[in-house]
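Residues or ranges marked as active site by Swiss-Prot on the basis of sequence analysis: 82, 144. For 80, 112, 169, the entry in Swiss-Prot reads Zn(2+) 1 binding site, with the evidence type sequence analysis. What Swiss-Prot lists as Zn(2+) 2 binding site is 112, 145, 355, and the listing cites sequence analysis.
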């Protein structure tokens, strides 16, 4: 099997050269079909059964599941195929040309995270996958950078229940067993326009929003006081007011005001509970001004996530790497994979390179990442 696949660096080069940008703006958004075709071909060459799954509600996006072995359990290695858009003016290199310089591999997706599939393929090139005693699954998802539609759809529709999963996001090979969630909402207040010379003839949406913000700040303080998870650097749920806009002229009563806010819940906090707390906080404003205040999602919410600290996956990975698992504040697809099986986030490259111009992965990660993948496959699929 050694000669079936291109060399590691050529696999990496081909992945980076295949654009797969996800963006909410349609003009920037791209299908990942070409990248999925590449991956499907390579995993087929290694003897995997490959299924390509269209993801509903997306602009021609696909998941790919490569599987081998029979029976229950096994290991799932997973990652996303898409990247964020890039600012051409801030890149000093071609984002779609893999460039090696100063012990770094430069290119869009080198760290976050198309390169992870090159590591998987390279680690498996000399493995006879037909002889594995438990199943091995490779999942490539769509739209992680926007809606996480691929991971959501896969977790909702699959019957697979592996023993455990590893998501190869860039963690500098530091295993992550928990992270916060993310909820982003828009609060809209509808007033009544009028001339500013007679305020009583209108309803000023900015004034109503001022009242609403006061109640939201009380909720922020309540969340901070009620919920704690000491392992996080910020050990409580955060609430941020990120954007506000209202009105169109200084001499007009504001007819509409819109506030964008987010909450980052701790693991174990349900999205329904948080939505209930927000609605309860804003209830006094809604009761005083019926029909004038609404709350809606800006993006599909992401729950917090935690892998049980005493699970075998945590024990095995900590032993292999000689380091303890950690927790982080950013989000991944882990909450959706965790509904299927215990999941860790663990991969090469630094999260500090994610979404940055001149993104790179340090070559020092190449050898230990290959070894780690080989070891976890051996442990969970051969034993």
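Using the three backbone atoms N, Cα and C, a Cβ is placed for every residue, glycine included.
Feature map: annotations from Swiss-Prot on the structure.
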residue : record                : DSSP (3 states)
80      : Zn(2+) 1 binding site : strand
112     : Zn(2+) 1 binding site : coil
144     : active site           : coil
169     : Zn(2+) 1 binding site : coil
355     : Zn(2+) 2 binding site : coil
Other residues, Cβ within 8 Å of 112, 145, 355 Cβ centroid (Zn(2+) 2 site): 83, 84, 113, 354
Separation of alpha carbons, residue 169 (Zn(2+) 1 binding site) and residue 145 (Zn(2+) 2 binding site) (Å): 12
Listed in sequence order, residues not in 80, 112, 169 with Cβ within 8 Å of the centre of the Zn(2+) 1 site Cβ atoms: 79, 113, 116, 144, 167, 168, 170, 332, 347, 354
For residue 355 (Zn(2+) 2 binding site): intrachain residues, at least 6 apart, with Cβ closer than 8 Å: 84, 112
Integer Å distance between the CA atoms belonging to residue 144 (active site) and residue 80 (Zn(2+) 1 binding site): 6
Between residue 144 (active site) and residue 82 (active site), the C-alpha gap once rounded to whole angstrom: 7
